[in-house]
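Engineer: I'd like to ask you about the structure that follows.
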Amino acid sequence: LWRTVLLLPFKLITVFLHEASHAIACKLTCGHALVDAPDMVRGQMNFKRLTLTDITIDIPRVPKNKWVDRSYGEDVKNKWESSSWGRKLIVQKRRASLNDFDRFKLTLAKIKRSGVIKQELAKLKKENAS
């Protein structure tokens, strides 16, 4: 998923990192950004390691950690969890945490659902044929 974005020197953006955490980024050079988040140490990162999202926060350039923690808040987390990308990652984590028995139960549920769908489809075909 490629996005073309024009980054101004003072434009602050929220990015999604490959480590599945959010961060605030500020453009340093053509290829690097200053990245900061409540749960990580501030540092620079290559743009190739970052993926842009539409979630933004208005904060001053290079703010203190307290300011980042305060402005980050639950709003960003809620927006992220309600986005399709965030929901997809939540589902991936949930599936990765399943044990063998849970996967077995999930398979049985899928088989039952498929059977019900096939029965209803057969009923509809029979009604349309007559």
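Using the three backbone atoms N, Cα and C, a Cβ is placed for every residue, glycine included.
So TrEMBL lists the following for this protein:
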- 1-25: signal peptide (SIGNAL)
- 42-113: domain 'Large ribosomal subunit protein eL14' (DOMAIN)
Engineer: What mean pLDDT score does the domain 'Large ribosomal subunit protein eL14' (42-113) have in the model?
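Structural biologist: Within the domain 'Large ribosomal subunit protein eL14' (42-113), the model's average pLDDT equals 82.
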Engineer: Using DSSP, how many residues of the domain 'Large ribosomal subunit protein eL14' (42-113) fall into helix, strand and coil, respectively?
Structural biologist: 48 helix, 8 strand, 16 coil
